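Everything on this sheet refers to the single structure shown next.
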Amino acid sequence: MGERKGIPMALGLLAMILFFIASSSSHLVRASDDADDAIFYESFDEDFDGRWIVSDKEDYNGVWKHAKSDGHDDYGLLVSEQARKYAIVKELAESVSLKDGTVVLQFETRLQNGLECGGAYIKYLRPQESGWKPKEFDNESPYSIMFGPDKCGATNKVHFIFKHKNPKSGEYVEHHLKYPPSVPSDKLTHVYTAILKPDNELQILIDGEEKKKANFLSSEDFEPPLIPSKTIPDPDDKKPEDWDERAKIPDPSAVKPDDWDEDAPMEILDEEAEKPEGWLDDEPEEIDDPEATKPEDWDDEEDGEWEAPKIENPKCEAAPGCGEWKRPTKRNPAYKGKWSAPYIDNPSYKGIWKPREIPNPEYFELAKPDFEPIAAIGIEIWTMQDGILFDNVLIANDDKVAESYRETTWKPKFTVEKDKLKAEEEAATGSDGISGFQKKVFDLLYKIADIPFLSEHKSKIFDLIEKAEKQPNLTIGILVAVVVVFVSIFFRLIFGGKKPAKVEKKPERTEASNNQGSGENEENKEKEKQKEEASNAARRRPRRET
């Protein structure tokens, strides 16, 4: 009987176990379904060793680590050392075509120690013509797309660069997104998304929010444009020798007036000036300091005869002046300077010469970009900061899949980090919330600085904002300076200004040099200037020559 009574309890326990397994299985199925929807996904939950290949090239001596994000149990790929070059690559099982349908590129980065000078972008590599050798991955390895944050000096942008093969010349050309969004200035986890759509549209999202929209075929969105100009200046055309570009010329009939004195000086003595009353002619402007004494360690033989330092003569303070009075000079009313003939319109003026336009031999038309496929994913960067963490690298063919990953992998971490930061700010500044207010102001200013027509002033605005972030006690003054910059730009736009001369651009014929982002380009510019050591010895006057 006892055994029979235990049967219902056992069945109940079994039911609970089955329910737990079913619940767990449902989660696993959903995760599995998400993974199945992704073309490629790397969570870095497991060690990358053996799956991602670190470059053997000598320049890339930065150490990658499998590490937890600060404050989380979530693992990522960590840049562990400062001032190093890093290169690591993951070959895909199958190449990913970018020609048909939507393709979404997404990954997370966390700049745990900030980013002063360096890159945190990813390169989506095209198939290697000479065969794939992951251990030889470097900045020369050809890529199809480069996407992600880069910051150094005046550069502060989320790159989107694609390389496209000119079907006429056979050369690859880099096309850079114009006016890209700025890199978030905090140390939180951020997710970067690039959505390539079949209608030639590109969307750049940061933390799921659209920051930039562009069209691959638009000359307004990429530099240089994907579609070259139909004509180009004829490189063989030469300016005729008799071509006169002078709009104005000296009047050949003009004659110097007879009363024009070219030798008259610009200034003459003011004969009407008089010496002020009370001028002390016999008092020097400087006297020996009566309180000065010769240092005890002064050696006359080694250091020369000691002389007291000079101070201003106190008697001269109440007087209009001391020493010899000299008559001042004034501008010579008869001065005219060198004579030159006035300018008149040039009757032979033909305008500014330009070479004639000829058909561009490299011109082509496309209905859509002919992207190279993605065969591997690589991170090749140079950075002055450590603590950069890469995580949740995703390639998908549906932006809904990317959104799902953001919600499940990025958002929980970001929420925790944001709440922690808010609590720290409130603890540091009290309950008045000043720091939180400053953060909102900074975020707004960064967004304003991203407006395209402010691009030429962007670096100046960023410098002021970053100075305010680093010196909170000066924030108000610096914010005023930023406002002054905005106001000056506003007035310049309202009232106009001198427009720069229009310069015609020649289309690029050859592949642009492998642009690795300004981080690497700025490497040689970031060397510290050496300063001479200041002397600690007391100043000593040298022996006067007699």
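Including glycine, each Cβ sits where the backbone N, Cα and C put it.
According to its DSSP assignment, Asp391 (Ca(2+) binding site) is in a strand. Asp391 (Ca(2+) binding site) is surrounded by 24 other CB atoms, counting those within 10 A of its CB over all protein chains shown. Annotation comment: Swiss-Prot describes Ser43, Asp74, Asp391 as Ca(2+) binding site.
Annotation source Swiss-Prot lists alpha-D-glucoside binding site at Tyr121, Lys123, Tyr143, Asp150, Glu380.
Counted with DSSP, the repeat '1-2' (251-262) comes out as 0 helix, 0 strand, 12 coil. Here Swiss-Prot flags 251-262 as repeat '1-2'.
Mean pLDDT for the repeat '2-3' (337-347) in this predicted model: 96. Summarising the annotation, Swiss-Prot assigns repeat '2-3' to 337-347.
Taken from Swiss-Prot, the feature N-linked glycosylation site covers Asn473.
Cα-Cα distance from Asp74 (Ca(2+) binding site) to Tyr143 (alpha-D-glucoside binding site): 29 Å (rounded to the nearest whole number). Beyond the ends of the repeat '1-2' (251-262), by six or more residues, the same chain brings 334, 336-339, 341-344 to within a C-beta distance below 8 angstroms of the stretch. In this view, the densest Cβ surroundings among the binding-site residues Asp74, Asp150 belong to Asp150, judged by other Cβ atoms lying within 10 Å. Listed in chain order, the extra residues whose Cβ falls within 8 Å of the Cβ center of the Ca(2+) site residues Ser43, Asp74, Asp391 are Phe44, Asp45, Ser69, Tyr75, Gly76, Glu108, Asn392, Thr409.
Each residue contributes its Cα atom, and for Asp391 (Ca(2+) binding site) and Tyr121 (alpha-D-glucoside binding site) these two points are 12 Å apart. For Tyr143 (alpha-D-glucoside binding site) paired with Ser43 (Ca(2+) binding site), the C-alpha to C-alpha distance reads 23 Å.
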